[in-house]
Amino acid sequence: MCGILGVVATTPVNQLLYDGLMVLQHRGQDAAGIATAEGNTFHMHKGPGLVRDVFRTRNMRALPGNIGIGHVRYPTAGSAYNFAEAQPFYVNSPFGIVLGHNGNLTNTQQLQEEMFRLDRRHINTNSDSEVLLNVLAHELQACAHGFDLDVDSIFQAVAGVHRRCRGAYAVVVIIAGYGLLAFRDPHGIRPLVYGTNETPEGTEYLVASESVALDTLGFSVVRDVEPGEAIFIDFNHQLHTRQCAQQPVYSPCIFEYVYLARPDSVIDGVSVYETRLRMGQHLADKVKLNLPVDEIDVVIPIPDSSRPSAMELAQTLGIPYREGFVKNRYIGRTFIMPGQSTRKKSVRQKLNTVREEFRGKRVLLVDDSIVRGTTSREIVEMARAAGALKVYFASAAPPVRFPNVYGIDMPTRGELIATGRSDEEIAREIGADGLVYQDIDSLKTSVRELSDRISSFDASCFDGCYVTGDISPEYLDEIEAARNGTPKKDSEDGGASQQMHLNLMSEQA
Ligand SMILES: O=P(O)(O)OC[C@H]1O[C@H](OP(=O)(O)OP(=O)(O)O)[C@H](O)[C@@H]1O
Ligand SMILES: NC(=O)CC[C@H](N)C(=O)O
Ligand SMILES: [Mg+2]
């Protein structure tokens, strides 16, 4: 899950995009980029690191124009250390096009071969997003009337992308001289929402991964982009929308509600915060059946993401809720960091115990999820070191047992602590005296009972059901073998990438 933004405004958008990316930083910490359009010319700056590290004043000044897109990256394809894969991506034919993508294609290899053999296009990185951009460019070429592109042709091109691409994609695109295009895959796996801001000079439009970006930038939410739908805002600020998929099905990723999104966002009409409260309620019911609730002195959340669920769980069980861990506000999210050694070290740097909350107590620690077990292993040990008599653990999500192929970087079963282990074995592995996981049905209920639109979910990392229907055991074996063969995230390689980094930091399209 990356963060994407697109804007058509009446005044320069560089600062607005920067501020918006800061608000979406929790969706990607490895690279950031902005592309703006001024007439037919693009200006682009992208590079490795957090938003605040990538953009200096001189870079911001070099991003003029009233229309633009932005991206924060959490890689799922290619490498965290290949900065040529930072987004937006750019092609110059058949039109100037820049693109930012959140998600992950599952037929990248096949598309890459087609690109070379049939479309005669060169792909320069291992990023699926570069492939996606070239598919779109090819479809635009096929649908355009010579040099002219009209709204119908643009929507036909998106329909072509839907026919050829599999997997998850929420996308923002600028077509030079035409306007801002945004679309979502036919299952709506990754989120995308748009809104407006009325100014004396006309209506401004903002498209973003999460509604929190619209709130902070002063835009009013209009609605989510529907699965399979495309919206196009032309340079005259006219909005055009069309369903471009044959059989769209609302199947958003349930892990957005568990962890990925900010709690103050509303995704597909559902408040993320509210779903986390419900997860806490349902989890409390299961805790009652499985742990000695009467003996638990205190419920302690693992900051940040578990807080709403932990608070509601404590309230439901009638047990005091206390903040036993203090979070270093200067350390980012651990789960989306590249490299297991960095993640492990970061948990200790990020969280420290308030000893009084643990000394002589039987504590129930609550987290939103346990994925690799990096956090829970460390946290249980820290709770004991702080003097806890008993340490129980509850997870607001079910065990993560299956790889995610739709934009969350958990591609190998071997790295998931729950793969091949029972709940008791996992409890032993993390050193807890007892462990309770949310049931998958309760998790789905926590979201579904707040929505009249969502018919199904992508919950593949919990139940192994892949909504796009194209994921075979052989495919999973292949990506697992590829990852195990090339330890992409764990090689903390600096040298070659540094060079790339320097080149890219001065890139101007
Ligand atoms: O089992 P693991 O592999 O450790 O992954 C799960 C943990 O990672 C996430 O926290 P993170 O620190 O990324 O972000 P947060 O501050 O939003 O909770 C999540 O909230 C869990 O705490
Ligand atoms: N997490 C994402 O959305 C990643 C986008 C894209 N697949 C990349 O690796 O850059
Ligand atoms: Mg966490």
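Yeah, the Cβs are placed from backbone N, Cα and C, and that goes for glycine too.
Neighbour count (other Cβ atoms within 10 Å of the Cβ, all protein chains): 27 for CYS2 (active site, nucleophile). For CYS2, the entry in TrEMBL reads active site, nucleophile.
Residues annotated as domain 'Glutamine amidotransferase type-2' in TrEMBL: 2-236. Along the domain 'Glutamine amidotransferase type-2' (2-236), the predicted structure has mean pLDDT 96.
Annotation for ASP367 (Mg(2+) binding site): same-chain Cβ neighbours under 8 Å, separated by at least 6 residues, are PRO301, ILE302, SER305, SER306, THR375, SER376, ILE379, PHE393, ALA394, SER395, ALA396. What TrEMBL lists as Mg(2+) binding site is SER305, ASP367, ASP368.
Annotation source TrEMBL lists region 'Disordered' at 484-509.
Feature annotation from TrEMBL assigns compositional bias 'Polar residues' to 496-509.
The secondary structure of ASP368 (Mg(2+) binding site), as reduced to three states from DSSP, is coil rather than helix or strand. Neighbours of the Mg(2+) site: apart from SER305, ASP367, ASP368, residues of the same chain with C-beta atoms within 8 angstroms of the site's C-beta centroid are VAL258, TYR259, PRO301, ILE302, ASP304, SER306, SER309, VAL366, SER369, SER395, ALA396, ALA397. Taken in sequence order, the recorded positions CYS2, SER305, ASP367, ASP368 that lie near ligand 2, meaning a CB under 6 Å from one of its atoms, are CYS2.
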